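Worksheet: the structure to be examined is printed underneath.
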Amino acid sequence: MQTVRMTTAQALVKFLNQQYIEFDGEQQKFIKGIFTIFGHGNVVGLGQALEEDAGELEVYQGRNEQGMANAAMAFAKQKHRKQIMACTSSVGPGSANMITSAATASANNIPVLLLPGDVFATRQPDPVLQQIEQTHDLSISTNDAFRAVSKYWDRINRPEQLMTAMIQAMRVLTNPADTGAVTICLPQDVQGEAWDFPSYFFQKCVHRIERRLPTRASLADAVEMIKRKKKPVMICGGGVRYAEAAEELKQFAEAFRIPFGETQAGKSAIESSHPYNLGGIGVTGNLAANTIAKEADLVIGIGTRFTDFTTASKQLFQNEEVEFVNINISEFHANKLDALKVIADAKEALLALINELQAIEYRSSYTVEIAAAKEFWETELARLHNIRFTGQDFKPEVEGHFDDNLNEYVDALGTQLTQTAVIGEMNTLLDEDAIIVGAAGSLPGDLQRMWTSRKPNTYHMEYGYSCMGYEVAGALGAKLAEPSKEVYAMVGDGSYQMLHSELVTSLQENKKINVLLFDNSGFGCINNLQMGNGMGSFGTEFRYRNEETRKLNGAIMKIDFAASAAGYGVKTYRVTSVEQLQEALKDAKKQTVSTLIDIKVLPKTMTNGYESWWHVGVAEVSNSQSVQAAYESKVSNLQKARSY
């Protein structure tokens, strides 16, 4: 047996360079590159290996471990999970910073390889710098926290353990049914230890993603159920995009006159203008999709996890005869809602169903309902696009909260812009193939409802974990995946303040991204939630502390985000009017460096709910009558929802 004497870290780098993916007959390198933030826990081990011979891995320098790992996830998401990035951090706080990103990747079923440095396997220098000492178990380190949020976790305590660990890591990273974050912990001493690795460990390895076919029995059962139903609706989930099954879903919809709603992950698989595309569905869905869904007697989920936002906490589907068919590569997700399970690749399942249903000449009984719902929503969309602040008689979309002090925001922020009008202008002015990236706050709701996707795969929303701070890093990841397209981070001031470190990395790499920063001086989405459930405005507006009351109810804070970003070298713009917005968007396209448009918008001017409900933990006992009323409303809505 031929062997190669290498350090553990050198062997890892060599192994990663030999991993390939094959999908529908096309092969490509699976691991494009690696994000790094070096510290004592990885610099002389994995860092040395990368310096000596990184192979074809592109080595990127992150600014924050969570930020770079979010960028890695976004890269894989935009690549439809066919190519990924790895990330390495030092021990302790560096690795802990990636835990949130691991959770984000796993919640979204997006493959990311995390390589955190770890404490010494020998324990000779214990406690090493940045080590936590647990008196009940000395084998525990910070990295054990990754166990709860990783789809596969391992620790390499001996060099030879690398081989079995990485084989299992690749199994999970390339498994569409159960992929997510894979964490391989690398004790800093073991990284530098040498071993005689067998040469076959470094052979080219091609991981073929097979398209799983539906079983005859599940296919027959699905056909039997569908043919009994008159008003079915489909839900287009992220699995449609990852399986590249958009054309088959279109064929299915057109052949049998079945409309479909989109989840956040599924949106832009098919252009918004398609006659059977109702748009976003659920809590952040629009009126067209939710109206049709309420009356549907069959829900066909395709590549969806059926989250509470998609099902409106399982209260959306009100037809007493409603049943579910779940097409999913994951048995776990297919098993939800007592559904008839079709555990298969989305494309193969749809093709098989098309053949069977065409043979019996099935058609839904819809006549004008679909077109009428879409037309009604288009009218509402035009209204949202044209909302302008009109002074004292102005009624914001979210009424009854700030009606008496909205003018305070007009004066403090120096703006009269409404959020829906800004989004309308952006949708008109951005290139058709531009990619928008979002994650948290009120923007995901506005975008799922309002954004018209004119080209496939241009809507990139992380809403599985809704991780604040994903947006800017996510834009960088999407840009690395599709460097020829303009990429826009749609981010609120709350999320931007949490994390925007990789904006600097975009400058360093000459990968232009555009940050569209909506500043309403607060956590506006959560303010809506608390006030909509009977509370006052508490801890969600960005106000100075009032010296008299000692509460955060002083003057509204105004932050010059443009000035801050300009210090990095970003091209910046300040916007308080529609005309300024139009000029800024046009000029930003001409730039070669990353841009930031600081857009001051009025609170409560985002979209509100459309025929949906969200189950949250309203207080059962309170001295507040409005909270009591909110609890009674919750109980009433819960009675209309499925129990599981």
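The backbone N, Cα and C atoms fix where each Cβ goes, and this holds for glycine too.
For GLU65, the entry in Swiss-Prot reads thiamine diphosphate binding site, with the evidence type sequence analysis. The Mg(2+) binding site annotation in Swiss-Prot covers ASP493, ASN520 and rests on sequence analysis. If you look up Swiss-Prot, you'll see 442-522 marked as region 'Thiamine pyrophosphate binding', on the strength of sequence analysis.
Annotated features taken from Swiss-Prot, shown on the structure.
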| residue | record | Cβ neighbours (10 Å) |
| --- | --- | --- |
| GLU65 | thiamine diphosphate binding site | 28 |
| ASP493 | Mg(2+) binding site | 24 |
| ASN520 | Mg(2+) binding site | 29 |
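Across the region 'Thiamine pyrophosphate binding' (442-522), DSSP helix (H, G, I), strand (E, B) and coil residues number 33 helix, 16 strand, 32 coil. Note: the CA-CA distance between ASP493 (Mg(2+) binding site) and GLU65 (thiamine diphosphate binding site) rounds to 21 Å. Comparing ASN520 (Mg(2+) binding site) with GLU65 (thiamine diphosphate binding site), their Cα atoms are 28 Å apart once rounded.
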